[in-house]
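Some features that TrEMBL has for this protein:
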- 49-200: domain 'Peptidase S54 rhomboid' (DOMAIN)
- 58-80: transmembrane segment (TRANSMEM)
- 92-116: transmembrane segment (TRANSMEM)
- 123-142: transmembrane segment (TRANSMEM)
- 154-175: transmembrane segment (TRANSMEM)
- 182-200: transmembrane segment (TRANSMEM)
- 206-223: transmembrane segment (TRANSMEM)
Amino acid sequence: MGRPLFYEIVEKPASSCIIGICSAIWFYIQKKNIGYSHVGLSYETAVEGHHWRIITSAFSHISVLHLVFNMSALWSLGVVEQLGHMGLGVSYYLQYTLVLVVLSGLLVLGMYHVLIQRFKLEYFRRVTAVGYSCVVFGWMTILSVKQPSSKLDLFGFLSLPISFAPFESLIFTSIIVPQASFLGHLSGIIVGYAIAWGLIHGMNNYWAISMLGWIVLVFMYSLKRSGTYDFYFLEVESVTDPSLPSVRFLGSGRTLQMSAIAVEGVEIV
């Protein structure tokens, strides 16, 4: 007989919270009948300044099956939170989840850029990607390096050796789900290996909180700049050099100057 769910949740607090957030977002999207073109990430929308989509696309899902598959895999990968004795644990999990969300999204855009600009494949300009799979594939990869003897359980009955899970899942989803984003999943695997092999390292609570602060700032700035949402306390204006935008918090008189950040189909990730 398995352990009570309550104890599992206590041992996997971060995974449980993320599953709750993704589920709540899916429910909200379904209830409000929000189109995925409004929250997904594409090269075209990124060029237009919708950088906030890197975050919203990661936590949005197309269907309940899409959600269940990703959250089932994420629940199994929550074992990372229980491996504090191996240098992993809850803090490590949260810190590098931030890295996976941001870098996998940027890497996908980079791949789209090469395919569009170098190989003239205009199809990828409007492909919209949504889903948490890039992060799931990243954690599959990290766990396959850190603890290759682990198993990945899907739907409570399907078990895969974690050492082969990233590429098995990459091929499986590409065949079974034609809309699955091969590039999105591949980006998660690449960033996952970079983390597992120590090419990306040094994250701690200070850098994670700093990174989260910048994510929130850029998220709000891009929402405002793209006209998607109007924050009444945030004003975007040009100062000194017209090519460099600034962010002003009304009421404080403080201005922060920063450098600018330079649907034909839907892909689920």
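Cβ coordinates are placed from backbone N, Cα and C, and glycine is handled just like the others.
By the Cβ criterion (under 8 Å, sequence separation of 6 or more), the transmembrane segment (182-200) is not in contact with the transmembrane segment (206-223), since fewer than 3 such pairs are found. Counting Cβ pairs under 8 Å to the transmembrane segment (206-223), the stretch among 58-80, 92-116, 123-142, 154-175 with the most such contacts is 92-116. Listed as Cβ neighbours of the transmembrane segment (58-80) (distance under 8 Å, sequence separation of 6 or more from its ends, same chain) are residues 11-12, 14-16, 18-19, 21-23, 25-26, 29, 36, 39-40, 88-89, 92-93, 101, 105, 130-136, 139-140, 142-143, 146-147, 150-156, 169, 179, 266, 268. Same-chain neighbours of the transmembrane segment (154-175): 68-69, 72-73, 76, 133, 137, 140-141, 143-144, 147-148, 182, 185-186, 189, 192, counting only residues six or more beyond its ends whose CB sits under 8 Å from a CB of the stretch.
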